[in-house]
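As given in TrEMBL:
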type: ACT_SITE; residues: GLU177; note: active site, proton donor
type: ACT_SITE; residues: GLU250; note: active site, nucleophile
type: DOMAIN; residues: 53-94; note: domain 'Glycoside hydrolase 35 catalytic'
type: DOMAIN; residues: 95-340; note: domain 'Glycoside hydrolase 35 catalytic'
type: DOMAIN; residues: 398-499; note: domain 'Beta-galactosidase 1-like first all-beta'
type: DOMAIN; residues: 524-583; note: domain 'Beta-galactosidase galactose-binding'
Amino acid sequence: MWGCGGRRRRRLGALLLLLLLGGLLLRRFNWSSLVPLQLWGRTLGLQAEDSEFRLEGMPFRILGGSMHYFRVPKEYWRDRMVKMKTCGLNTLTTAFLTLAAEVGLWVILRPGPYICSEWELGGLPSWLLQDPEMQLRTTYKGFTEAVDAYFDHLMARVVPLQYKKGGPIIAVQVENEYGSYAKDPQYLTYIKTALLDRGIVELLMTSDNRDGLSAGYVEGVLATLNFQKDSSFLDYLDTVQQNKPKMVMEYWTGWFDSWGGPHNIFDADDMVNSVAEVLKTGASINLYMFHGGTNFGFMNGALDSDEYKPDVTSYDYDAVLTEAGDYTSKFFKLRQLFTKIIGQPLPLPPMITGKASYGAVLLPQYVSLWEVLPSIVEPVKSEFPVNMENLPVNDGNGQAYGYTLYETVISGGGQLHSRDNVRDRAQVFVNTVFVGFLDYNTVELSIPEGQGFRQLRLLVENCGRVNYGLMLNEQRKGLIGEVFLNKTPLRNFKIYSLEMKPGFMESLRGVTAWSTIPDYAVGPAFFRGNLQVQYLPQDTFLKLEGWEKGVVFVNGENLGRYWKIGPQETLYLPATWLQPGNNEGSL
């Protein structure tokens, strides 16, 4: 028995020595390169008690990158994360939680409810606007009730994935850039409390640009900063908090584009040199965006300060990876920089996916909207115009996206005046004849005289709800008020909801009115054709040369909007949405 006990004591002593040596090694090790699956016995989490971050008491620098799950086909999520890891980043700022941990990335969760992100209404659901008194991003009861329901559902799923519970979440952001909005001084405290009450135990952060920093600060939450070029902006953090780690939550690697505007580019050398300046200060950084992706469907946001400007479909952003996930010079320059910072070799980047050119795609079939409308959409009858969100469709949730057609009967011509009540762009028809547009800049239109009663039709497109700024509460779409003909308000409408969801597009396949495209085809209409893929599909881009404006569907997936005014000229078509053989496309 004595000999057995001696062996036990020797084993215990060896184990204690191993743990002691391990502890010494960990103290010398840069925890910034430690990944989620390598840690156990978690107690302290990410701390910001002095001028540097600490993870389990060890120095830790966040080298992060942003990527949005909703802008990337899910089949490509892992590929983009691995590329992030091989660039030298250790943290992902979004919500691919378990997959991020598998790849070896920490997560800063930014759950909103408002996220901005150049996303439709900043990520808030359009049905909130059914309430005429709604005050978004405030403690207005109608909004907080919705936020509470959202957090009840979401936090139940993410709380178990926090760092202290064995998951990858090391920090959670309290809303997003609230200092630039700041309509309710109690709001951030409400969001903070809502997170804590539902079990969030990790470090809390806010995120603001320089001008919004003071109004976006909340007691007990670490403030971080957003900017692009000037690292001296970091000094502004000292105005709201002392002796805390500095972090750029959004270092803008590029910028987004608006329809009709320029294509924005941020020089790679200028960007990397600016990142290097930030890192020289000892600050942590998150690259927004590391990979931008695509505003598929009708989900692009918009800006409205001096004028309304909807964003393009591509969210390439001139980011570190292209819209299709390919490497840019920014990737390799940053990889070189981060290798020096980390002080050890990085794994090799994965091979990029192949791209294919499938040649011209013919669209020989055509059907006018007027031909199919009665058979695929049941109209809503109303004496007055009804905005999209308040239409009695979608189980009472209203119409969120797409187009709404308003029809009424007129007995003559004259001046049609919208009184700025068209949101956002209306094609105007008398019977089936196009007569012009109404939008933010054009609020009056001449309607030709004619004999008898005629149909006046306004096909209104929601071009994207504003995602940033003080106009969030004004984002109801369609006809949001009276439209006048010769100073008399129009009445007695038939209203057709054209949200173009998958069920709508599927119903078009069974329409018998499809015919060969005429020599001169005018809209609004649907066009249909086929793309043949002989082998394994590859990523490609669709060029809409000669087309005016619309949306593209391939195998029922909405690739997004196109518009001849640019600057975007092609639509990204991921291979995962194609199949060998026949692929059906509709415009």
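These residue numbers are counts, starting from 1, taken along the chain as shown.
Just so it is clear, glycine is given a Cβ too, placed from its N, Cα and C backbone atoms.
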Item checked: Winner by Cβ pairs under 8 Å against the domain 'Beta-galactosidase 1-like first all-beta' (398-499), considering only 53-94, 95-340, 524-583 -> 95-340
Notebook entry, point to check: Which entry in the list of active-site residues, GLU177, GLU250, has its Cβ near the fewest other Cβ atoms, using 10 Å as the limit?
Noted result: GLU177
Item checked: Structural state census, the domain 'Beta-galactosidase galactose-binding' (524-583) (DSSP three-state) -> 3 helix, 34 strand, 23 coil
Checklist line | Helix, strand and coil counts within the domain 'Glycoside hydrolase 35 catalytic' (53-94) (DSSP) | finding: 17 helix, 12 strand, 13 coil
Margin query: I need the CA-to-CA distance for the residue listed as 'active site, nucleophile' versus the residue listed as 'active site, proton donor', whole Å please.
Written below: 10
Next item on the list: Over the span of the domain 'Beta-galactosidase 1-like first all-beta' (398-499), count residues by DSSP class, listing helix, strand and coil in order.
Entry: 3 helix, 53 strand, 46 coil
